[in-house]
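**Q** Here it is, the structure in full.
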Amino acid sequence: MARARKVPLKEASAKMQPSRISKKKAATKPKHARKGRRPGKGSSTTKPASSTLTPATNSSAPDFIVRGTNDKALFTLTCYRGEGMCLLAMNWKQDTPPDNFVGFAIEYMEPGDTQFYALPNRIAFPGGNGLLNPNTLSSRLSPFQKFRWIHFPSNASIPGSFTYRVTSAFMNDEGVISYGDFQEAGIELEAETYPGELNICFTRGFISSQAFVDKFGTNGGVGTLLPKNANAGITFKSTDPKEETALTWMGFEARSAILNTLDAAIADPTAQVRIAAYDFNDPEIVSRLEQLEGRLKIIIDDSGSHKPVTASETKAAAMLTNSAGADNVQRQHMGDLQHNKTIVVNGDKAKIAIGGSANLSWRGLYVQNNNAVVLQGANAVQIFSDAFDSLWASPDNPPGFNNTASADWNDLGFTNVKAKVTFSPHSTSNAKLQEIADDISSTESSLFYSLAFLYETKGAIRDAITKVTGGGDIFVYGLSDKTVGGLNVQLPNGNPPIAFPSALLQDVPPPFSQEATGGSGTRLHHKFIVIDFNKPTARVYTGSYNFSAAADTKNAENLFVINDQRVATSYMVEAVSMFDHYAFRDSEAKANDDQPLELQKPPANGSGDKPWWDRYWTDPQEKRDRELFGQ
């Protein structure tokens, strides 16, 4: 038998949802939160009105953890809700499984349907001649030899609960598979996180994936779908007949929310729009902004590569000057970078504010892992409008901005979720970096992070992460766009080395195909930290803010802190999906042979071989992973 290798936790389903153009709900109108008010508690009880942001129909926040309840099943099932995805975690109830246990069959049923469909597994048992059997894609025949799996349903935007059925599978000496009792649970996936208040949206970010290869090809597909460089982006027109399908798939919920927000602004003649942009070369967005004419005010970064006349940012500024007027377009870079990616729509019908890490660019929406935090209501819009006005009034002038109320924590005043936002640059008296580092140091259970430039960012945050990673029983999974010194080794406590983007490019092990690279530049662009997702004290830091001294005191940035377990779970699932995806590719790149990846049959009697599941009880990382998610 070929050597057993670690298999990827989610290859078969890697973000396979063709997310649909969205339709959904709108603005509550709480009063602007005042300092001293209890965080996260707005005074308004206004029911959200109708808007067009996502296809979700939920009027209350969806369950974020659901468990199977079958006492007869030999294992437990815990479902964690992500945004358009679900993490399924299994754990054995009594002692260890028998040697003939060969994994889990996973099936799901869409909302309103009556039929279950088995998830496919790219990894199969070897055929009788020692070759891989390509016809056993169903996990009923090729069960997942993992204690957790992340599923991205093709139609995740369907309102209602997806029902998951997980069954233990066993194999006898003749290779015949039998099944134990199953666990079953239902969970909503692309429902709004907090309808009418706050919705977390992600881009897909997996050009380097088997799912992208299956749907759109490798680099040939990317070459017809995306511009060759940033400066070509503003006028780029795809020649690919699958363009809209591909962009919808790649942009996922974040693209839909951003485009539909701008469409809502166009449709509301009373709406004023304020945008602060960094990378800015998406013609779909620019063309919508042109339609707003004088209702638009925009700040576009002019640092570094964004400044020359050949830059897409300069070309976009000229186009919008023509449509909106010169008085409504500003170029600046604050103390170093105008790094915000914010949108504010303030009208009678639409009151929406968006922050996060997703640039309004080809790469930001279609190549990188990014997030958009979508807010609704008068309070959030006022806070973001005030920050824009302060930024506009102080071009390239940190002292002019850092003494404004926008540089403090501002309570977003929501009824159902505790969330605050602050905007950089800060002064030494209201800087946030050490405050966040201290919070990281107080982690009690788990730490997940995706920090794009941690590899080049020294200081309080990196020191705190390094300390937490190396000490005690804290569970840590981390990602950066490149390897990080001091965090790139397996630790005795089981915490794995940091993961970073890579693709299957050469000597690809069967049954996998060579993947697209996504071109040069940053692929993992998230900036978020999740602390203690599995506790009531869970919190998330996220935004455009790179958790560096420059982000804190020089750049124009947005930074959220959201004290909420539902939101923390969404970001945790996103972090785990990326960690699994890139850790697998990194391990394959370092492998010394190209033997097929295959499932492991039960060990022969008296052979002394270990079953596939042995490492989940003996390997510190795998054991901690099973126990944390399977709790």
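The count begins at 1 with the first shown residue.
Cβ from N, Cα, C; glycine included.
For reference, TrEMBL lists these features for the protein:
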type     : residues : note
COMPBIAS : 21-40    : compositional bias 'Basic residues'
COMPBIAS : 42-61    : compositional bias 'Polar residues'
DOMAIN   : 334-364  : domain 'PLD phosphodiesterase'
DOMAIN   : 520-551  : domain 'PLD phosphodiesterase'
REGION   : 1-62     : region 'Disordered'
REGION   : 590-616  : region 'Disordered'
**Q** On the 0 to 100 pLDDT scale, where does the domain 'PLD phosphodiesterase' (520-551) sit on average?
**A** 89
**Q** Are there residues at least 6 beyond the ends of the domain 'PLD phosphodiesterase' (520-551) whose Cβ is under 8 Å from a Cβ of it, and what are they?
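**A** Apart from its flanks, the domain 'PLD phosphodiesterase' (520-551) reaches 205, 207-208, 278, 336-337, 339-342, 355-359, 363-364, 367-371, 373, 421, 424, 433, 436, 439-440, 442-454, 457, 459, 461, 479-481, 500-501, 557-565, 567-569, 571-572, 574-575, 578, 582, 628, 631.
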**Q** Give the residue counts of the domain 'PLD phosphodiesterase' (520-551) per reduced DSSP state, in the order helix, strand, coil.
**A** 3 helix, 11 strand, 18 coil
**Q** Using DSSP, tally how many residues of the domain 'PLD phosphodiesterase' (334-364) sit in helix, strand and coil.
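**A** Within the domain 'PLD phosphodiesterase' (334-364) the tally stands at 3 helix, 13 strand, 15 coil.
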